[in-house]
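Please read the structure below before turning to the comments.
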C-alpha cells in the first residue's frame, strides 16, 4: 500500500524546489511525500486511513533544518469511509448479541426442535388414545400449519415468494409423498406404541440408500451399506418381541419410510432458490389438499356418527379443540425448525442431532406412557439407533468431502 501511495505522489515531489546552502556546504534535498487520494475499494482491503498515512509518510520532522520550506504543501488525507469495513476493531460497527454468540442461537434451535418434537409425539398419542382417527388428525396437523403460514404471509413474516406453474408441477409429487408419509406415520402412531413406530422409522436411511442406488443410479459406498446392517438387525429384533406389535402399525411405518424416500428423490428434482420457510408453506398447502379426501371418505361417516361426540364426552369440547390446535402447531413448528436448523449447521452436525432427537422421542414416550418393553426390544432399538448414528456420520462425512472437492 505504501508503495502505491509513494508512486502516486512522484509527480508532486518533482515539483518541489530544492534549497541549496552556500558553497562549501553539502546540499540537502527536502523530500515531501504527498498522498493523492487513493481509489476507494468496497472490500476495505485497499483503504488507507489518514492516521495510517500521517506517522509514516505525511509527518515532517520540524526539528530538522529541512523544515524551512517556504512554499506550503497541501496534503490530501483519506477520511475513513463509514460505509466500508474498518481495519481496526475500534471502527467496527457494533455487533449484536446473537451475532457475537451464534452458537447460542444454534443451540436454541436444537433445543426447540427437540422440545417441540417430543411434545408433539406425546400429545399426538394422547389424542389417539381417545380419538383414534389418524386420517382426520393428519389433515388437522397440516390445516393448522397452513393457517399459520397464511397468517405469516398476511403480515409479511416472511414475505410470500411467488409461485409459478413450473414450480407447482415440481412440488406436487413432493407434496404427495409428504402427505402419504405423514398420514401413514400417524396411522402407525395410532396403532402401536410411539417408541415402536420410531424404531421402524429408523429404517428410513436403508430405503434412501436403496433408492439412490437402484432408482437414481448413484453409487453407494460399501461402508454405507455395512453401516445399515445393524439398523436392519436391530429393527428386526425389536419387532419380534414388541408387546404392542400389530401388522397395521408395522406396515404403515414401512410405507411412511418409502414415501419419505420418494419425497427426497423428488425434492432433488425440484431444487429451487426459494427459501425453506416459503417452500415448506407451499408443500403444506398442497399436502393438505391430498389429505382431505381420504379423511372424508374413510373416516367421515364414523366421525359424524359417533367420533366427535365420543371425544367430546371423554375430554370436553374445549380440551378436544385445544388439543387438535396445539398438536397441529407443534407439528408445523418442529418441522420448520428442523429445516431452519439444517440451514445453520453442517450436515454432520444435523445428522447427529437427528439421531439424538429420535433417542429423545423414544425415551420420553416410554417414560410418559409407561410402555412396557422386553429386554430384546430394548437391545434391538439400541442397536438400530446406533446403526443409524454410524450411517449418518459416514454419509455426512462423504457429503462434506464432495463439497470440499467442488469448492477446490
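Each residue, glycine too, has its Cβ placed from N, Cα and C.
Identical topological domain names are assigned in Swiss-Prot to residue 130 and residue 267, which places both on one side of the membrane.
In Swiss-Prot, the annotation transmembrane segment applies to 103-123, one of the ranges 61-81, 82-102, 103-123, 166-186. Swiss-Prot assigns the feature transmembrane segment to one of the listed ranges (25-45, 193-213, 214-234), namely 214-234. Checking Swiss-Prot for transmembrane segment across the ranges 279-298, 299-318, 319-338 points to 279-298. Residue counts for the topological domain 'Lumenal' (124-135) under DSSP, split into helix (H, G, I), strand (E, B) and coil, are 9 helix, 0 strand, 3 coil.
For the transmembrane segment (214-234), the partner stretch with the highest count of Cβ pairs under 8 angstroms, out of 103-123, 136-156, 377-397, is 377-397. Outside the transmembrane segment (103-123), and at least 6 residues removed from its termini, the chain residues within Cβ reach (under 8 Å) are 189, 194, 198, 323, 326-327, 330-331, 333-334, 337-338, 340-341, 344-345, 353, 356-357, 360-361, 364-365, 368-369. Same-chain residues lying 6+ beyond the ends of the topological domain 'Lumenal' (235-278) with a Cβ under 8 Å from its Cβ atoms: 158, 160-161, 167, 170-171, 173-174, 177-178, 180-182, 184-185, 187-188, 191-193, 196-197, 199-204, 206-208, 210-211, 215-216, 336, 339-340, 343, 371-374, 376-377, 379-381, 383-384. For the topological domain 'Lumenal' (124-135), the list of distant contacts is 183, 186-187, 189-190, 194, 291, 294-295, 298-299, 302-303, 307, 310-311, 314-315, 320, 323-324, 327, 331, 365, 369: same-chain residues at least six beyond its ends, Cβ to Cβ under 8 Å.
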